[in-house]
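> Copying in the features that Swiss-Prot gives for the protein in this structure:
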type	residues	note
SITE	50	site 'Part of a proton relay during catalysis'
BINDING	51, 209	pyruvate binding site
SITE	113	site 'Part of a proton relay during catalysis'
ACT_SITE	139	active site, proton donor/acceptor
ACT_SITE	167	active site, schiff-base intermediate with substrate
């Protein structure tokens, strides 16, 4: 379903959630990160998703992160609020809060662990869209959710009022191409996979929900601008520069490496909550090398 929010394009950072040494959310650091991203050209800020450690923040923290992000952005860039849950009622409650505080859109992941059927997925997302009038971006990430959203299910959901796009995080470009070919006009197709995002955008995709943008926001913005304009030469110049980061930011489970990287660049603290554990020394060395190779150190 088309919506003005489907016009969100470009670099959408999947923002980390800064935490203090005791594991509490560092809200002042979150505000500073948002200001920095806006200054660096990030086009949209996504909060409390996978990279934002949504599985390990409680409901009160989840809501407060959304509220603070909206308040700090102050309309300068859109806020994409992670509101996903594997309980439909909980997802509706989170989405109601996001709408109340002024988020621009919601990101809704395929329900994880309980493995709904395609019909279950359809009814889940449709129920949320009908309950809360806040533009929804679907999020397909079978590597984490286990359940996979089939192509035909996406097309069914694209007809539901309020569902405006999808974050396609399988890394399978052929799947994205079919969606770009067959989805209704105005339905946005975003990459959720940094290594293949440039290819998706060159095929007609609308942007990249990016982990790499946490530490290289200006370069990711420039890559998205070039790719969406069809400037393959410039897009690939930037892509080749960022490749070491795309690889090594996933050397362990996200967000472990990117939390280390933001701390290394002194953007915010790198504390993680269990069951996430710190990056191993061997992988620290690999990511340090990638930061140098990409010109960030």
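Cβ from N, Cα, C; glycine included.
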> DSSP three-state call for residue 139 (active site, proton donor/acceptor): helix, strand or coil?
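In the DSSP reduction, residue 139 (active site, proton donor/acceptor) maps to strand.
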> Cα-Cα, whole number of Å: residue 113 (site 'Part of a proton relay during catalysis') versus residue 51 (pyruvate binding site)?
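Given the Cα positions, residue 113 (site 'Part of a proton relay during catalysis') is 18 Å from residue 51 (pyruvate binding site).
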> Can you give me the Cα-Cα distance between residue 50 (site 'Part of a proton relay during catalysis') and residue 139 (active site, proton donor/acceptor) in Å, rounded to a whole number?
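Just about 11 Å between their Cα atoms.
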> So for residue 113 (site 'Part of a proton relay during catalysis'), how many other CB atoms are inside 10 Å of its CB?
8
> Based on Cα distances to the residue listed as 'active site, schiff-base intermediate with substrate', point out the closest of the recorded positions 51, 139, 209.
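So, of the listed recorded positions, the one sitting closest to the residue listed as 'active site, schiff-base intermediate with substrate' is 139.
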> Can you tell me how far the Cα of residue 209 (pyruvate binding site) sits from the Cα of residue 139 (active site, proton donor/acceptor), in Å?
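Just about 10 Å between their Cα atoms.
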> Taking the Cβ of residue 167 (active site, schiff-base intermediate with substrate) as centre, how many other Cβ atoms lie within 10 Å?
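Taking all protein chains shown, residue 167 (active site, schiff-base intermediate with substrate) has 26 Cβ neighbours within 10 Å.
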> State the count of C-beta atoms found within 10 angstroms of the C-beta of residue 51 (pyruvate binding site), not counting that atom itself.
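Its Cβ has 24 other Cβ atoms within 10 Å.
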> Which residues, sitting 6 or more apart from residue 139 (active site, proton donor/acceptor) on the same chain, put a CB under 8 Å from its CB?
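Counting only residues 6 or more apart in sequence, the Cβ neighbours of residue 139 (active site, proton donor/acceptor) under 8 Å are 49, 84, 107, 108, 109, 110, 166, 167, 169, 192.
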> Which of these recorded positions has the least crowded Cβ, counting other Cβ atoms within 10 Å: 50, 209?
50
> Translate the DSSP assignment of residue 209 (pyruvate binding site) into the three-state scheme.
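Its secondary structure by DSSP: strand.
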